Amino acid sequence: MSNSDFETRNGAPPSSREINALIRISQSIISTLDYQEILQIISDGMADLLGIESAAIYILQNKTDLYLGATTPALDKNMPDFLRWVKLPEHPHIEKTIKSKKHHVIADTSKTQLSEAERAVTDIRNLKSLLYFPFVQKGDVLGVLILGTCNRTQRFSEHQINLGQTVANQLAVSIHNALLVDDLKKHTDHLEELVQEKTQDLDTAIEELMAANEDLFEKNEIINNQNEELKTTLQNLKNAQSQLIQSEKMASLGTLTAGVAHEINNPLNFLMGASLGLENYLEKEEHKNDEDLKLLVESIQTGVERISDIVKGLNQFSRYNPDFDEECDITSILENCIVMMNNRIKDKILVEKEYSPGLKVMGNVGKIHQVFMNILLNSVQAIDDKGKIIIRTFPHGEKFAIIEIEDTGLGIDKNIIHKITDPFFTTKAPGEGTGLGLSISYNIIKEHKGRLKFKSKPGKGTKTQIFLPIT
Amino acid sequence: MTNKIKVLYVDDEHLNVLLFEMNFSKKFDVLTGKNGLEGLNLLNKNPDIKVVISDMRMPKMNGLEFINKARENFSDKKYFILTGFDITPEIREALENRIILKYFMKPFNMREIEGAIYEVV
């Protein structure tokens, strides 16, 4: 075939037509990164460039497999992928091209030996003359371009072969790049798929975790609630126990003191009666000026009165009365407590009193006695050797009376100050304290709708404030 | 026996009875008994008794039991309790119901008792 053949068919001089075809190929290739598209461009471009109507590109994969990348005219886009795969040994002419890395020509398919597979392909379009070009990139064959004439044979010119091989070698670079890009794309796709898969897995796991978490949370809440209930029950039980012990104790103490008081009061009554009788007797004329005798009688009466006061105090302290409607004179209750504790105070503790005269609250005299007694007792016990207790009473606005008892004792540690009103909490040695004093006091103050406050500095002392409502 | 107020005092302690009589007979006409039954007898025999003062704890019949019994027939008398006990719910209730007008504590306070008697009679 001569150059003039080209001219006749395409209407332009071969060199300018070829340059145009080459420009189209290169422009098209630049415009895309898609591997399939690039193969299609090469197939169409090469057919156009060399003026041969049919073309096909096979890409070599795994050394023995061939993938039909593109054909001219183009394949049906819906053609299933698996139909594009063929085995290299079934196509000996392609195999030969690949092995030799050189172009290969079949001048007339009807006169050349073809394999069954090759025959099947050539029969489709009645291909007569075939021209094979290997795509060689850095010594490796990437694939093969096959150009073919339909229905007629053609003798391929040297120019066609040289041009074809040169361009094919150039295009091998593009194919190689496209393959790399495709690979990369496949990797990226695969990675994306993996990421998606993992994300989905993670999502599922998170969902499962969240469900489990929710379940746990619910269970936790139930446990917490039950725990809280248990705590409350335990606290109630402790309180009930302490109140039981307390009321039992107070009841027996009350019975005891009442009995003892009665037994003391009767002989006191004798003494009082007798001394009054004596006083009467001394008013007679002959004794009128006997001051010594008068002093003796007065001493008896003073003694009787003092004993009587102590007994009354005892009675008040242990008196059983469930009501809270008594008028409680704060000063006299405090004084009574001090009288009862006198043996523990004298010689050891200086008691300073700053009373607000006439300060009264409504409540239960006996119970308020117990509160003052317990708190004073704690102050006395907190003082090891010698010390001071300051008692102050004053109104707090119109609604409350404050009774403040401050000592220079050991003080209370920060770690335990919140526990000191717990029933059975004690820092005293076993047998020396029940741990009920402050808890009972606290409950009594609560019953009176009052408040109890502590301020303490270890080593310096404690200040206790009792707030009691005036009405 | 002139216009002295007649007072009945009941107490199971002999010394109490004796000393009460000694100390109060100057101003009052004092009759004494050592238990509730004696008290009731004395009330029956002496309708002019105006005031009854009783101890609380006595054998067989305590002070309030005696007074309640006495009031069945002698509701016009003025009744008091003189006791070694501090106030009890029982006594409180009796005070509230005006069964007794006052309660005195031992050791007795002469002026307190005198005052109360003069006040009610």
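Indices start at 1 and increase along the chain as displayed.
Cβ atoms here come from the backbone N, Cα and C positions, even for glycine.
The domain 'Response regulatory' annotation in TrEMBL covers B:6-121. Regional average pLDDT for the domain 'Response regulatory' (B:6-121) in the model is 93.
Listed in sequence order, the residues of the same chain lying 6 or more apart from B:D55 (4-aspartylphosphate) and placing their CB within less than 8 Å of its CB are B:V10, B:D11, B:D12, B:E13, B:N16, B:G63, B:I81, B:L82, B:T83. B:D55 (4-aspartylphosphate) falls outside any helix or strand according to DSSP and counts as coil. According to TrEMBL, the 4-aspartylphosphate annotation covers B:D55.
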